[in-house]
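Trainee: Here it is, the structure in full.
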Amino acid sequence: MTGTARGGGGGGGGAAGMEEKGGGAAGLGFLGLDRMRLLLPLPMPEKLSARMLRTHFPTKFLNWRWRWVRDRWHKVLPVWVLFWVLFSGGIFWFMTSQAVEKRRESLASMCDERARMLQDQFNVSMNHLQALAILVSTFHHSKTPSAIDQRTFARYAERTAFERPLTSGVAYAVRVTHAEREQFERQQGWSIKKMYSNKKQSPSPGPGDAEVREQAEEYAPVIFAQDAYKHVISFDMLSGNEDRENVLRARESGKGVLTAPFKLLNNRLGVILTYTVYKTELPPNVSPQERIQAAIGYLGGIFDIEALVDKLLHQLAGKQSIMVNVYDTTNESPISMYGSNDTGSGMCCKSTLNFGDPSRKHEMHCRFMQRPPWPWLAITSSLGALVIALLIGYICHVTIKRIAKVEDDYQEMMVLKKRAEDADIAKSQFLATVSHEIRTPMNGVLGMLQMLMDTDLDTTQQDYVRTAQASGKALVSLINEVLDQAKIESGKLELEMVPFDLRTVCDDILSLFCGKAQEKGLELAVYVSDQVPQTLVGDPGRIRQIITNLVGNSIKFTERGHIYLTVHVVEEVTHCLAVETGTQYANTLSGYPVANRKRSWENFQIFSRELNSSETPFAPVTSDSVSLIISVEDTGAGIPFEAQSRVFTPFMQVGPSIARIHGGTGIGLSISKCLVGLMKGEIGFSSKPKVGSTFTFTAVLTRSRCSGNENKSSEFKDINALVVDHRLVRAKVTKYHLRRLGVQTELTTDLDQYIAKLNCGSRIAKLVLIDKETWLKDSHNMPLLVGKLSNKDQPDSPKLFLLENPKSSVRSSSHIFREYKFNVIMKPLRASMLQVSLQRALGVDKVHCRNGVVGNSTLGSLLHKKQIIVVDDNIVNLKVAAGALKKYGAEVTCAESGKKAIKLLKPPHNFDACFMDIQMPEMDGFEATRRIRAMEKDLNEQIERGEVPPECANVQQWRTPILAMTADVIQATYEECLKFEMDGYVSKPFEGEQLYTEVARFFLNQDEVL
């Protein structure tokens, strides 16, 4: 808040202050950037927005650090360039090494893939050779006579060759001892031949060239072979040194054994895999000697390594220019089994091959056939970094050259900034002065009109006075809206944090619009969920302002149907709001269609967080936080679709005719949106032309730690009521108000069903409330219901109430309540008004309110015979305030200045309260209050020391309630009044309800103590 323009100069003083200060500010809501040039004597720079950033730099940084950089920049620049050249070289080396490593990993992956495929295919062939060995053992050795001959074996081997993709042929040799040789040769019809292994002879000679095997302990002649290798039949596998070694190792180990690579008949390199066939299946832990004794034959598979590996790897090798070599590395000198001998000098990767024989070692070597590509990524990245660094150096060089000019602009902007701040202060002072100078005479006008209303006037004169009052109040409302908009633009709008009852606030708003709703025949209702705490902490005035704005707009644009205000906790919104769409008219308050309420909040962030988060939905910020969702639903004209995008734009209305027909400035919704934002909430709407609109907003308030005083009366504690209404939403509204009074309520929409329950002896309700519309709708059943309720043998017959619709007059219902002794309750329902009606019907005389508004008797009971001093420098306002207080029975003393008030309020004195104007010449209200509190503090210290004056013998602590009276709604905030130890404030012009609210806070407490 800024300081208040004081003195008797009025508006002229404020204008003079503006001229003395001069200056302007960019972005001022009332002056604007275009008008700022008119306020500044200096010409504005052309590039204002760019140099505005310099205002954030420290002055020292601009003075000597920039000079230090500017003087040494010619030395820093070469070092900068050299550093980035070296750094770019490091980037090139690092990225090149990364590319090489990535190429190496790719080669290793491809080599491992090929080695794995070759190894898997070899394992498949080994498994099928093992299966063939078992087949021979089963059908040759275990059958007598044998079920396999050479022809069967050859045909079977040919037909199953596809299951052994890496084998080019198979053969089977049987174990024959020397004692069995003669009989074996006689059975086979040929002699066992010798297999030569020297280099001069063929390793696999034909049968005609072979020599007969000399005498030995045992033999291993081939008896079965694939057709391609049937020339080896009758050759003894034990006659060759290497074959003999493989056979002996195979039968001793029980596993497949590989030979060293050797040239086959087609001059290709190959190997033989040998398996031993045993008499029976041997256990795993059998000894080698037992394996030798159990051996009965040997099965060999011939692998053409070059052809088979080339066939297997051709498809994959064609996709990538990669060279593959397979080596037998069992000995020190590796033997090339596949691939070219030209290995080259490029990158090489080795993968180990496991062919099942642990005594033989094999490896696959892989190389890229093409040279690696140029490392373009490393080149471009290093050059890019170097170019960026050089550009940065160039930019810094250019920037430093312009520092001198920027410093000059900075000094100029400091001057402009100072003038803008002065203009902002002058604007705030101007608004405060205008507010005070306009509201001060308006206080006198409205006050005098109210006092005139209390005199004897004829009908025409009363109409004139009411018209003048309405015009004055409209002007005050316009001033409040403009001032609120100004405070929002300047960021000086603050919220109070005081405990309040939201249900009472809603009732007060309904009372405010009760007359207008009845004039237009509208159904006006409010419903607050039971989940909403009784007492909340927040700014009740601003919440009242938002809801009043929304309800006022609904009243303004609605000609038939209803206006329905609902308050819920956000957590229950998807379950508690009964009206989701307007498709079912029976579920609305008046039966008219309404806009889809769900669309008014579907874009709220609080609901999108609930859908996208796995945490507890709608989790409050703190444990005491309460998130409320408040909706105002109407069945009015709706908002055209083309105008819905500018609803919250300040000073914008739906069309030009709206201002002519309904009036208004078009800033109410804009202010409401800003207020909702200050309450950490959101606001939205759903509207359909010729159907209606629903405005919804959320607000985050705090749960009050102290329990609120609920409106439940003890006289209604044991009373039950029946609500008869065919519209469920309207019945729930009635039940809501009854429950607030402590009445147990039952709802019914089906009269036939309830009459049947009465016939069965059900308990009769003490209070029966019937809606007028339901009475007319079910007129044939209502007399029967009333008769059933009245004929029961009870000491007290139930009290009947007719809930009168605003569109129905009491005169049209007179025959109903005369005939059936109905008590009529006019809508809209409020707890206070309903309490008065029930008390009157039950014979309890505790009437404190009239139509939900504080009555003169209530305020008079508080102010009767109270000694009150009113302090104001304006004679008219002094008369208005004194007249308003005297009307309520107070004894008023007037003081024209703060100094006189200090003399009159010097303790001890007989005054019960003081109404103090804030803006007064010589001494304002704050200073006068400070001095009064200082005098009271001195007196209280004397009382504590026991130095009590005779007039204060029965006083423990002296404190006079002081209320501020002000027309300056910008300066006189609740916090500022507390700062100067005031007890509250009332804004000019004040009314009875506001006066009662402030006075009751300390006078009620005094009465309770007495």
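Note that Cβ sites are derived from N, Cα and C of the backbone, with glycine treated the same way.
Just lifted these from TrEMBL, have a look:
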type	residues	note
DOMAIN	144-365	domain 'CHASE'
DOMAIN	433-703	domain 'Histidine kinase'
DOMAIN	720-842	domain 'Response regulatory'
DOMAIN	867-1003	domain 'Response regulatory'
MOD_RES	ASP771	4-aspartylphosphate
MOD_RES	ASP917	4-aspartylphosphate
TRANSMEM	77-95	transmembrane segment
TRANSMEM	374-395	transmembrane segment
Trainee: Let's see if you can do this one: DSSP helix, strand and coil counts over the domain 'Response regulatory' (867-1003), in that order.
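Mentor: When I sort the residues of the domain 'Response regulatory' (867-1003) into the three classes, I find 62 helix, 24 strand, 51 coil.
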Trainee: Excluding the flanking five residues on each side, which residues at least 6 beyond the ends of the transmembrane segment (77-95) place their CB within less than 8 Å of a CB in that stretch?
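Mentor: Distant contacts of the transmembrane segment (77-95): 375, 377-379, 381-383, 385-386, 389-390, 393, 397.
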Trainee: Let me spell it out: for each of the modified residues (ASP771, ASP917), count the other Cβ atoms within 10 Å of that residue's Cβ, using every protein chain shown. Which one has the most?
Mentor: ASP917
Trainee: Round to a whole number and give the Cα-to-Cα distance in Å for the pair ASP771 (4-aspartylphosphate) and ASP917 (4-aspartylphosphate).
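Mentor: Distance (Cα to Cα, whole Å): 49 Å.
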